[in-house]
Amino acid sequence: MMTSTFGTTVKVSIFGESHAPKIGCTIEGLPAGFTVDLHELKTFLQRRSPSHPWDTPRKEIDNPKFVSGISAKGILDGFPLTAELPNNNVRQKDYTATKLVPRPGHADFSAWAKWGNSYKQTGGGHFSARLTAPLCIAGGIALQILHAQGITIAAHVLKIKNINDTPFKLIDNSVEANKLLALQMNQLLQAAPQELPFLDAQTGEKTRALLTQLRSEKNTVGGIIECVATGVPAGIGCPHFQGLENTISAAVFGVPAVKAIEFGSGMNVANLLGSENNDAYEVRDGSVVPTTNHAGGILGGISTGAPIWFRCALKPISSIGLSQHSVNLQTMESEQLVVQGRHDVTAVLRAVPCVESAFALALLDTLYSWPSEQNGYHND
């Protein structure tokens, strides 16, 4: 048994496998009457698609076919929305050697331990990053709904190996700092889909050189994505197990390769004194706001009104072109394995819109499920 569903009010189910005829998603709880900009959604999906020499050579035309829940003009009807994408460019022969020999770093062994030989592992099966395409369909719609309510989400690659990008201006929650943050977010949101998701152009050039080198070495690399949302009202969320951090984390860990997440000052809070970590308050334009944002916009599982921000770490792509030690699950004998197929050098660049999507779905679900009871937010 398993589930690939997320959400309380806005529920998202992802279906299909890497080499199945189709993949897709079903979304429940979307507001009736909202008009989705289908061109904007298509542009958003292009950010996830491979377009660089270090990306997988597997090309799929990710033009979603909407089965229900939305009109040809993009108007939501309030009923479950289902979208499908065909898988046309598959090569199952690349996975003959790994049918009984689990690939190190992949979910092959853990899936076999759960489902035995019924698990379809070609292309990574249901665990494949190919499934982030329907995630981005759902997330792209959620991003538009949030934006209509004044909430904006943006992300960039903060670190890849030893190359660091300029971080968002986030600890300081002053008016001046928020203006700079808005400029940084706008730079990313206005970039063309094929542009690398960095704030510093020099970081992009260094990354190009690194990934070109790693491809020639048949190796891979991970990285860190930094993501932020502005315009989130204070008072949404709830304590304990359905808190904002819990919900966002659950969604973000649904992005393949994500292995860690931290909010605000994160692990560094262990190095701070209380007088350094506490975010003081002031009245600004009639509202109470934190003057700093070590908390990452969340306290007690509930939003503070400051930008919500986190960083997540992605492991290197597990499929490498080097010989690795594994075992044959049938003979129970050792085997050396060289993974075949078409793979990326890194997941971190193409994962940026995927992380934004997961974040958007978590925020939208929280906004509708656990609104501020003081400000009157509710699901219309």
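From the backbone N, Cα and C atoms, a Cβ is placed for every residue, glycine too.
Noted in Swiss-Prot for the protein shown:
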BINDING   R48  NADP(+) binding site
BINDING   H126, F127, S128, G300, K315, P316, I317, S318, S319, R342  FMN binding site
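Location within the structure of each feature annotated in Swiss-Prot.
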residue	record	DSSP (3 states)
R48	NADP(+) binding site	helix
H126	FMN binding site	helix
K315	FMN binding site	coil
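Ranked by how many other Cβ atoms sit within 10 Å of their Cβ, the binding-site residues R48, H126, K315 place K315 at the bottom. With a cut-off of 8 Å between CB atoms and residues at least 6 apart in sequence, the same chain places E17, S18, P256 near S128 (FMN binding site), listed in sequence order. Counted over every protein chain shown, other Cβ atoms within 10 Å are most numerous around I317 among the binding-site residues I317, S319. For the pair formed by H126 (FMN binding site) and the residue listed as 'NADP(+) binding site', distance between Cα atoms is given as 18 Å, rounded to the nearest Å.
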